[in-house]
Amino acid sequence: MTSVLNDPTLERHFKGHRDTITSVDFNCNMKQIATGSMDSCLMIWNMKPQMRSYRFAGHKDAVTSVQFSPSGHLVASASRDKTVRLWVPSVKGESSVFRAHTGTVRSVCFSADGQNLVTSSDDKTVKVWTVHRQKFLFSLHQHINWVRCAKFSPDGRLIVSASDDKTIKIWDKTSGECVHSFYEHGGHVNYADFHPSGTCIAAASTDNTVKVWDIRTNKLLQHYQVHSGVVNSLSFHPAGSFLLTASNDSTLKVLDLVEGRLLYTLHGHQGPATCVAFSRTGEYFASGGADEQLMVWKTNFDTADYGEVLRLRHTAPCVDRGGVGSTAFPEDSGSSLLHSQMSSASELGNGRGSCDEVRSRSGSCAQVLSSRPSKSQTSRSPGTRPSSAQPEPQGAGMVPAVLASTLEHIVAQLDVLTQSFTLLLVWLQDEIKADYRDCLCWPWWEYCGHSRTEVDSDGRQVKGVH
């Protein structure tokens, strides 16, 4: 049977940085990609062939994080020089700078409405700022070690932070209070982010694991042990059903969150893979590494109907297109955990064996994640081939084949309808937001290079250059 899963393809790769790429993000218009690097530069890459790329110099030390604003008109960058800069991604490369922290700034993130920024730092704090006035609003204090990452929830009401103190904290933006702390990781937490639904978070750690929690119940939903090295970064597909991770083991992994399993392993980077990001539509994703290369992949697996993928479970229950064999085990009726153990086969190209394990709490994760539009999405590195998959064991009390087929067909049709309505709603929402932004008259001259300002942590202007 031919698989409906279409493998991702490596569309383009860029090389221009002189040191490790630390961060990557797509512009919402899909015409530009921003990267930050240990070489102290921010680069803007054009997706169209033969279009120029821009190198922006301004930071005095490594650039640790970059992100486009929701509108795509600005790029924020964080640096080891303790500053944050706001750039206009054009040939002029104009920027404004403000002194954000007393230590290295590890991450910078826009709120969904583009009005605020959240930053995290080695000074053990998380800070929130206004974008247009570059005004400091408040700090969040409770971490006892470096804060590696901080992100807004999709609705902007919560903040998640990840720290070297081995905790992930959820904060209420309005009150500034810590709502909950997660302590399950056995190593430093390098990265954390919200699921597109806003109901879950995922975190990557130096203990080589990725974990997913439901923040409504504060329960661990899934625990992935699929990497053999430190996990540096992760990114949710906009549909919410898949998670992409990058690791020091040089690989990218695509995880199916609904099924709780590893789908694909991608080999491409020579050395640690340091950052990953899906595009706003999920059609592409990008990865950066210590090899100074930016790789842009076409997702492809978002073109398949996930109902078709479910039908294939009877013959290929746990397909790993990254060269690692896998076997699926039925859930034990007396256990609250669904164990899907990824047994090792020889790694392509190096002949080494590996053991990948996925543990997911049954029921709650499927309920949380399957409510999202569920298009199947997968990826594989050039030169790799899918390993063989064992037929799924047929247990007692299985649904008759005819009834199962009918139900799956109904589910597939409902998915198509849901996806169609979702796309229509997203399009209408984007149009409304675009019209709303066009009606506003923000004082662009204050941060588009016509004047440069620097402010301290209390929001006081300390220097102005015209």
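One is the number of the first residue shown, and numbering goes on along the chain from there.
Note: Cβ is positioned from N, Cα and C throughout, glycine not excepted.
The following features are taken from TrEMBL:
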type     : residues : note
COMPBIAS : 333-346  : compositional bias 'Low complexity'
COMPBIAS : 370-382  : compositional bias 'Low complexity'
REGION   : 330-396  : region 'Disordered'
REPEAT   : 14-48    : repeat 'WD'
REPEAT   : 56-87    : repeat 'WD'
REPEAT   : 98-139   : repeat 'WD'
REPEAT   : 140-181  : repeat 'WD'
REPEAT   : 182-223  : repeat 'WD'
REPEAT   : 224-265  : repeat 'WD'
REPEAT   : 266-298  : repeat 'WD'
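Remote same-chain residues near the repeat 'WD' (56-87) are listed as 19, 22-29, 32, 34-44, 93-110, 112-114, 117, 119, 121, 129, 131, 134, 437, 447 (criterion: CB distance under 8 Å, separation of at least six residues from the stretch ends). The stretch from 98-139, 140-181, 266-298 with the most CB pairs below 8 A to the repeat 'WD' (14-48) is 266-298.
Broken down with DSSP, the repeat 'WD' (98-139) shows 0 helix, 24 strand, 18 coil. Summarised by DSSP class, the composition of the repeat 'WD' (182-223) is 0 helix, 23 strand, 19 coil. Same-chain residues lying 6 or more positions outside the repeat 'WD' (266-298) and placing a CB less than 8 Å from one of its CB atoms are 8-15, 17-26, 28, 30, 33, 35, 37, 45, 47, 229-230, 232-239, 244-254, 322-323, 348-349, 377, 379-384.
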